[in-house]
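Taken from TrEMBL, the feature domain 'Chorismatase FkbO/Hyg5-like N-terminal' covers 66-186. Here TrEMBL flags Y147, R154, Y206, R219 as substrate binding site. Positions annotated as active site, proton acceptor by TrEMBL: E329.
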Amino acid sequence: MKSTLLPAYAPVSTFRSPGDAHRTTPEQHTLGVVTFTDGWARPRLRDGHPEVGLHLAGSSGDGFAEVWISPRPVTGGEFGDITYGHDGEYVFCATHIPETADYPTATETAYSALLELLTSLGYPQIFRIWHYMSDINADSPRGMEVYREFCVGRAKVLERHGMSHDMPAATVIGAHGGGIFLYLLACRGGTQVNIENPRQVPAYHYPSKYGPKSPNFARATYFAPDGPGRIFVSGTAAILGHQTMHHGDVERQCRLALGNIAQVIGTGTLSAYDLEPGHGLADLDQIKVYVRRTEDMDRVRRICREYFAPTADIVFLNADICRSDLLVEIEGIVARTGSS
Ligand SMILES: O=C(O)c1cccc(O)c1
Ligand SMILES: CC(=O)C(=O)O
């Protein structure tokens, strides 16, 4: 169903008010919608495209929707617990793992189904993935943190597929209820470079003190269809090497997280991947800033305003972070101009 009339395009998202999430025009179709409000809703098809609801907002007034748009008509579908929308070039998939006492097995099942679906639909290349989970820092009945149990299930599937070191930019962050929600973007093909931060140990080489199975994600993913590319920056925190820095100090953690992003998208790192020119924090858009303690929110907002463009889409969300000593985590997207 690939259209020959439209040139290759890079996937685009916007942040809107939830009430405005489903607005379309003849030129603008919806690939997928993620709402961040005061309740959760399992993925479903709505007006022919997937929608999933995450409980991340504190009150009904301050939610938003992340809307992935396409210039092409979108076909929606369902495969087991997965709801998806695809347009011939990209697919958006969302799935849900209800609260369970066995996250390793449930994660393994969900990841396996996703990989199976992507292969059968013909979009094998994942370039960005997000996970939101309730009780991320709580202990399971086996006495292991929920995040670590999730990592065990994910690692098993990826090992089986030989993909342990090939995963793209990711986010794993807390949600206020509902179990685990996972959504991703994948494509048929295109130039993809997974980028590491020279100041951080690759997550898949983290020592076992952080959990029996290392996380599988890249610090950022450069993705380009046929024209201008995007750099998807993972959820980034105050980690140097593999260690959490500045315990208890939200201001220094925030500045270090920002410094880590600046490092990943800057010329020094990108040139090592032949991806000049580099970028600065003012080039970041569709920014999500996750803050563990509500009392730190204003402080984090003030710091972020020093660095981000005033025109950028940016939201601040109260959420737990995958290590209990991390107070802030930040993700975003750089839209490159020109031919790369
Ligand atoms: O385990 C992950 O994939 C992950 C990725 C980014 C941030 C984070 O807290 C966790
Ligand atoms: C954020 C985080 O947990 C990591 O970079 O490993």
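Just so it is clear, glycine is given a Cβ too, placed from its N, Cα and C backbone atoms.
The structure, with features from TrEMBL marked on it.
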residue : record                       : Cβ within 10 Å
Y147    : substrate binding site       : 25
R154    : substrate binding site       : 28
Y206    : substrate binding site       : 18
R219    : substrate binding site       : 25
E329    : active site, proton acceptor : 29
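Look at Y147 (substrate binding site): DSSP puts it in a helix. Counting residue by residue with DSSP, the domain 'Chorismatase FkbO/Hyg5-like N-terminal' (66-186) contains 34 helix, 49 strand, 38 coil. Mean pLDDT for the domain 'Chorismatase FkbO/Hyg5-like N-terminal' (66-186) in this predicted model: 97. Distance noted between the C-alpha atoms of R154 (substrate binding site) and the residue listed as 'active site, proton acceptor' is 21 Å. Under the three-state DSSP scheme, E329 (active site, proton acceptor) falls in the strand class.
Distance noted between the C-alpha atoms of E329 (active site, proton acceptor) and Y147 (substrate binding site) is 15 Å. Spanning the listed substrate site, residues Y147, R154, Y206, R219 have a farthest Cα to Cα distance of 18 Å.
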